[in-house]
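Visitor: As annotated in TrEMBL:
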type: ACT_SITE; residues: Cys120; note: active site, acyl-thioester intermediate
type: ACT_SITE; residues: His378; note: active site, proton acceptor
type: ACT_SITE; residues: Cys406; note: active site, proton acceptor
type: DOMAIN; residues: 37-290; note: domain 'Thiolase N-terminal'
type: DOMAIN; residues: 300-419; note: domain 'Thiolase C-terminal'
Amino acid sequence: MIIKIGHYRTSKFLLIGGRFFSTSQPVHAVSTIKEAFILEACRTPIGSFRSQLASMSAPELASDCIKNLLERTKVPAKAVQEVFLGQVCQANVGQAPARQAALGAGLDVSVVVTTVNKVCSSGLKSVMLAAQQIQLDHQQLVVGGGMESMSQVPYYLERGELPYGGAKLIDGIVKDGLTDAYDSVHMGNCAEKTAKECQIGRAEQDNYAIQSYKRAAQAWQNKQIGPEIVPLELKTRKGTVKVERDEEFSKVDFDKLKALRTVFQKENGTVTAGNASTLNDGAAAVLLASGEKAAEFGVKPKAKVIAYGDAATHPMDFPVAPALVIPKILSAASLTLNDIALFELNEAFSVVPLAAIKMLGLDPAKVNAHGGAVSIGHPIGMSGARILVHLVHALEPGQFGLAAICNGGGGASGMIIQRL
């Protein structure tokens, strides 16, 4: 049963499903869906592992993004009602990392905040949750995004008495970010499985990686990435340093890339450090609003949320999960592959977009046209938001764009937007 939207207030009790609940707040019935608009989208530059952004925590990186959203739109900080931010490796960051970011950006203490962990899909899932709040008329102005400082992820030591001879340290990145929890193998082994089943060889993956680097470099040169960037000011011993560009894409030697040894399978392996994504730091955020709230603040939306969804398969097959979610959200939007101008598919490994291209018959020219995580970097809690942020800025008015990202555990999330 679908109930038309209504706001009901009682002074004593509310009867729901035969049970009484005390309430003095408005209750939202199931509604017809409202439209959710993207007012602005931005991200930090992406820093290499333990490099230029290593001194900034994930919440600090996200705070700068949220501040920038408000500066670009002139929306007052007190107007933001809710925030969803993804982060995967939260150890030693402190309580409620997303709330740290929200308050650090100057948002009001009344803002509702949730930290989301759907592994690599965390950033995009956060934007999906933000859109839902608007579509269901629960909120009018919401921030969604993702953040990660892989440089600051600590090592773990199991609690208990230390045995004679010392104890083993556990790498937090590998444990909580890069290891399949069900088969206890590195995600790279899952990529190898997909490569073999989809018959995607080493040379094809290397060539794709080289293309990613070249596309990213060309996009920076053509100023196709710059508009989404939030410049960061870092305090160092030598003074304040301004960081405005991604660090990773310029660190490549194509001859050495093709000569790299495979990492996860020594014999007949295909995945290397060159055709896989890297460890990185960064944050991305999107400001979403209802049409009424956008009009109230006089902000012309940049894009509209058209459809989104999730898909899942066996944990070992997570690299093919984007190929499962793409048809679902296209169907929900009543669109076809030909209607999509640009696809942003996260390059956790080169084999991920290559598998989707092969399985769905995607036009390679439309897939990650300006580079991807292999060349730009993959701060795992950020990346889902990053690919969406780029679509907002890369699409031409009227065009549809699709972002999809796989995640550990066998899942994927995807979203379709239309540039306005």
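Cβ coordinates are placed from backbone N, Cα and C, and glycine is handled just like the others.
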Visitor: Determine the most Cβ-crowded residue among the active-site residues Cys120, Cys406, using a 10 Å radius around each Cβ and all protein chains in the structure.
Guide: Cys406
Visitor: Which residues in the same chain, at least 6 apart in sequence, have a Cβ under 8 Å from the Cβ of His378 (active site, proton acceptor)?
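Guide: Those within reach of His378 (active site, proton acceptor), by Cβ under 8 Å and sequence separation of 6 or more, are Cys120, Ser277, Thr278, Leu279, Asn280, Asn346, Glu347, Ala348.
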Visitor: Mind checking how the domain 'Thiolase C-terminal' (300-419) divides into helix, strand and coil residues in DSSP?
Guide: 51 helix, 35 strand, 34 coil
